[in-house]
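K.L.:
Copying in the features that Swiss-Prot gives for the protein in this structure:
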DOMAIN    25-224  domain 'Pentraxin (PTX)'
CARBOHYD  Asn52  N-linked glycosylation site
DISULFID  Cys56-Cys115  disulfide bond
BINDING   Asp78, Asn79, Glu156, Gln157, Asp158  Ca(2+) 1 binding site
BINDING   Glu156, Asp158, Gln168  Ca(2+) 2 binding site
Amino acid sequence: MDKLLLWMFVFTSLLSEAFCQTDLKRKVFVFPRESETDHVKLIPHLEKPLQNFTLCFRTYSDLSRSQSLFSYSVKGRDNELLIYKEKVGEYSLYIGQSKVTVRGMEEYLSPVHLCTTWESSSGIVEFWVNGKPWVKKSLQREYTVKAPPSIVLGQEQDNYGGGFQRSQSFVGEFSDLYMWDYVLTPQDILFVYRDSPVNPNILNWQALNYEINGYVVIRPRVWD
């Protein structure tokens with residue numbers, strides 16, 4: 001009986017470290033190396049397909065190559081929703097395997113706050129970088145983003161929950177992830193940029209369900 005209780009305690013402790021719901025305010029996920037394994041799996045509050053969304057987060061990286069920032073895959077479609085940084089000042093959004101790319105001014109080796117919105121009825125895509133809107137584009141008008149998803153940080157999924165490549169991995173710090181099933185107003189996006197998010201209902205950095213896989217650590221955020 002004592003051995004059984006000890007085993008249950010160890011198993012519970014390991015499970016709680018790997019899969020957690022945590023308030024990560026003023027903290028970051030650190031992805032300290034290139035790899036084809038290190039990632040964080042997110043478990044969203046999402047049971048139905050998406051007609052609209054807003055997704056915001058902060059990154060701090062010295063990578064100059066392309067990298068995956070947010071990978072949302074469903075069975076049969078690896079790039080159902082993907083935010084991909086092509087290079088400094090250039091981002092792509094994939095919806096249902098199709099993509100659009102936006103470009104703007106961005107300072108290298110500085111923290112970045114990124115918000116992306118998409119509205120199905122119009123197809124309009126907006127990128128806000130450090131509180132400033134970039135040129136609007138259109139993508140997949142009247143499309144519906146499928147669910148349930150596999151959501152991964154740190155890697156780009158080439159199949160549902162896997163298919164990672166070192167050359168697409170994110171290296172750096174990741175923080176303040178929030179997601180809504182509607183398009184935020186410009187004023188609300190500025191609130192998010194200033195660290196005052198407005199009731200996120202899909203992903204909430206201050207009550208995040210996540211599972212760490214590989215070499216990813218949590219540290220205080222020491223930059224703004």
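From the backbone N, Cα and C atoms, a Cβ is placed for every residue, glycine too.
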K.L.:
Within 10 Å of its Cβ, which one of these binding-site residues (Asp78, Glu156, Asp158) has the largest number of other Cβ atoms?
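P.N.:
Comparing the binding-site residues Asp78, Glu156, Asp158, the most crowded Cβ belongs to Glu156.
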K.L.:
By Cβ count within 10 Å, point out the most packed of the recorded positions listed: Asn52, Asn79, Gln157, Gln168.
P.N.:
Gln157
K.L.:
Out of Asn79, Glu156, Asp158, Gln168, the binding-site residues in the record, which is closest to Asn52 (N-linked glycosylation site) when you go by Cα distance?
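P.N.:
That would be Asn79, nearest by Cα distance.
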K.L.:
Of Cys56, Cys115, Gln168, which is closest to Glu156 (Ca(2+) 1 binding site) if I measure between C-alpha atoms? They're all recorded positions.
P.N.:
Gln168
K.L.:
Round to a whole number and give the Cα-to-Cα distance in Å for the pair Gln157 (Ca(2+) 1 binding site) and Cys56 (disulfide bond).
P.N.:
20
K.L.:
Select the closest residue to Gln168 (Ca(2+) 2 binding site) from the following recorded positions, measuring between CA atoms: Cys56, Asn79, Cys115.
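P.N.:
Comparing Cα positions, the closest of these recorded positions turns out to be Asn79.
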K.L.:
I'd like to confirm something. Which of the binding-site residues, Asp78, Asn79, Asp158, has a Cα closest to the Cα of Cys56 (disulfide bond)?
P.N.:
Asn79
K.L.:
If you run the three-state DSSP split on Asp78 (Ca(2+) 1 binding site), which class comes out?
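P.N.:
Reduced to three states, the DSSP call for Asp78 (Ca(2+) 1 binding site) is strand.
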K.L.:
What is the interatomic distance between the Cα atoms of Asp158 (Ca(2+) 1 binding site) and Cys115 (disulfide bond), given in whole Å?
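P.N.:
If we compare the Cα positions of Asp158 (Ca(2+) 1 binding site) and Cys115 (disulfide bond), the gap is 24 Å.
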K.L.:
In whole Å, note down how far the CA of Asn79 (Ca(2+) 1 binding site) lies from the CA of Cys115 (disulfide bond).
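P.N.:
Just about 18 Å between their Cα atoms.
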